[in-house]
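What follows is a short report on a single structure.
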Amino acid sequence: MLDAFSRVVVNSDAKAAYVGGSDLQALKKFIADGNKRLDSVNAIVSNASCIVSDAVSGMICENPGLIAPGGNCYTNRRMAACLRDGEIILRYVSYALLAGDPSVLEDRCLNGLKETYIALGVPTNSSVRAVSIMKAAAVAFITNTASQRKMATADGDCSALASEVASYCDRVAAAIS
């Protein structure tokens, strides 16, 4: 897992060069946007259970067969596993947002996820839909457009952070499908 600083150092070291130029400017911007980044992560984690439960509910509303006998969310145990997986995915998305780097998401969450879901018979289209609902909710909390906010968000334009979290959710969807 690399954070924004480690990534710059590793890249500079690989080139046998000092950290400078555009890398240094990118780090300055990363630091300047630090409070927005922390507030964005806080917005996600403070609303995580709502984000995940809404995503799973939305997925089920669109595919009621999931809760019918034989469906992948039928029985409390399977529903709990679905909610747990959503929480884990969202947690790693928040880690990636905090670090400013997707490697923690890729290495510790997405690596082998599709194969696991296939082996368990989890319908990928429903999982992708749940992730897209989580993406929309996370972006709404970051951009302060969510209707049920629990906390205030940072002042200023957070569209870059919203785009960043959206890209992490897109990575999850791509890894599952």
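Here the Cβ of each residue, glycine as well, is placed from N, Cα and C on the backbone.
So that you can see what the record holds, here are the features copied from Swiss-Prot:
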- Cys50, Cys61: phycourobilin binding site (BINDING)
- Cys82: (2R,3E)-phycoerythrobilin 1 binding site (BINDING)
- Cys158: (2R,3E)-phycoerythrobilin 2 binding site (BINDING)
- Asn72: N4-methylasparagine (MOD_RES)
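If you draw a 10 Å sphere around the CB of Asn72 (N4-methylasparagine), it holds 22 other CB atoms from the protein chains shown. In terms of C-alpha distance, the listed recorded positions Asn72, Cys82, Cys158 place Cys82 closest to Cys50 (phycourobilin binding site). Most buried of the binding-site residues Cys50, Cys61, Cys82, judged by other Cβ atoms within 10 Å, is Cys82.
For Cys158 ((2R,3E)-phycoerythrobilin 2 binding site), the same-chain residues that are 6 or more apart in sequence and have a Cβ closer than 8 Å to its Cβ are Lys36, Asp39, Ser40, Ile142, Thr143, Asn144. Under DSSP, the residue listed as 'N4-methylasparagine' is assigned to coil, being neither helix nor strand in the three-state scheme. Put simply, Cys61 (phycourobilin binding site) is 14 Å from Asn72 (N4-methylasparagine) when counted between their Cα atoms. Distance from the CA of Cys82 ((2R,3E)-phycoerythrobilin 1 binding site) to the CA of Cys61 (phycourobilin binding site) is 15 Å.
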